[in-house]
Amino acid sequence: MDSLAAPQDRLVEQLLSPRTQAQRRLKDIDKQYVGFATLPNQVHRKSVKKGFDFTLMVAGESGLGKSTLVHSLFLTDLYKDRKLLSAEERISQTVEILKHTVDIEEKGVKLKLTIVDTPGFGDAVDNTECWKPITDYVDQQFEQYFRDESGLNRKNIQDNRVHCCLYFISPFGHGLRPVDVGFMKALHEKVNIVPLIAKADCLVPSEIRKLKERIREEIDKFGIHVYQFPECDSDEDEDFKQQDRELKESAPFAVIGSNTVVEAKGQRVRGRLYPWGIVEVENQAHCDFVKLRNMLIRTHMHDLKDVTCDVHYENYRAHCIQQMTSKLTQDSRMESPIPILPLPTPDAETEKLIRMKDEELRRMQEMLQRMKQQMQDQ
């Protein structure tokens, strides 16, 4: 029996040996493993738990399908209570700023989407500086964020800055109109502008190509800075690089929106039914809607937010700090012409409050001086 048991024990030992060796190798690897490679997962979990926010502005004259396109992009109706105005009412109304906010969740990821609409833009007989309320709104959001960022409670700052502006260009012209040029030049240093050719189903493919070329030429001619797609990293796969090339070649995007589901080749798709056929919203042979959606939501949403924060907001912030520094310098050089009267002796509590305020003012002045020095060094 012992002679039979010995081969069995050796066989079990041989079978267990690879597993034991693998466990030993894992233990050795575990000893060398620090753990910071899990940082991306930690950031991902924290970001998903917190959720994301994105503010999108839509601008352009009435009747170009702005509301329909927003509904098609996010599959959410933000204009349920909208009142349609007559032609006379549209002409007489002034430019308004309307915000629509909705919380969207997809596969556990939460997005707080804010759509900033601009009804009345470009509808008047005289459209001189009709973009002024819009530029004022963008500046107000920068100012509010700057105040919140400079305050004491910076933990839960609400970001209402405009991250992207979809500007709708009429397909019925021969390029950019003066109001288009004026709007984009007024906002191109404040927000990421993505120009769109609206209602692309009104044009044949050759007309769309000519209009795109004309708009690109005029954007360069007038020195308009639209949103620039970032360059691909060298380690990106070929499919992503090809997609990036197609995006850059397709700008400005010619888009179609539709909330209607139609039957096409045995499938139900969103599109428009005409006597001569069906235009499918998500058919890339018909329009650039899919490219716009991929760019705006799936590939470049975070970059739009980064450019807003690192470029447009930083320019505004630097301008504010320069103004504050200049004002402090002027105030320090001025001598008051009014004689200072002796004040009554303050009590202990008032004296303590004054000391705290003086200390706070001194810290702010030192901070501004350091910022000024850093800006001069740069």
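For all residues, glycine too, the Cβ spot is worked out from N, Cα and C.
If you look up Swiss-Prot, you'll see 50-323 marked as domain 'Septin-type G', on the strength of sequence analysis.
Per-residue pLDDT, averaged across the region 'G1 motif' (60-67), gives 86. Per Swiss-Prot, the feature region 'G1 motif' maps to 60-67.
For the recorded site, Lys66 (GTP binding site), the DSSP three-state label reads helix. Contacts of Lys66 (GTP binding site) defined by a Cβ separation under 8 A and a same-chain sequence distance of 6+ are given as Val58, Ala59, Gly60, Asp117, Leu166, Phe168, Ala198, in order along the sequence. Annotation source Swiss-Prot lists GTP binding site at 60-67, Thr94, Gly120, 199-207, Gly257, Arg272, citing similarity to another entry.
Taken from Swiss-Prot, the feature region 'G3 motif' applies to 117-120. Same-chain residues lying 6+ beyond the ends of the region 'G3 motif' (117-120) with a Cβ under 8 Å from its Cβ atoms: 57-59, 62, 66-67, 90, 93-100, 130, 133-134.
The region 'G4 motif' annotation in Swiss-Prot covers 198-201 and rests on sequence analysis. Note on the region 'G4 motif' (198-201): DSSP counts are 2 helix, 0 strand, 2 coil.
Taken residue by residue with DSSP, Ser234 (phosphoserine) is part of neither helix nor strand, so it is coil. Cβ neighbours within 10 Å of Ser234 (phosphoserine), excluding its own Cβ and spanning all shown chains: 6. The annotation phosphoserine is assigned in Swiss-Prot to Ser234 (among others) on the grounds of similarity to another entry.
Among the features that Swiss-Prot reports, phosphoserine is placed at Ser336 (among others), with the record citing similarity to another entry.
Beyond the coiled coil (347-378), the same-chain residues lying 6 or more positions past its ends with a Cβ under 8 Å from any Cβ of the stretch are 318, 321-322, 324-325, 328. If you look up Swiss-Prot, you'll see 347-378 marked as coiled coil, on the strength of sequence analysis.
Taking each Cβ in turn and tallying the other Cβ atoms within 10 Å, the top scorer among the binding-site residues Asp201, Glu207 is Asp201. In the three-state DSSP scheme, Gly120 (GTP binding site) falls into the coil class.
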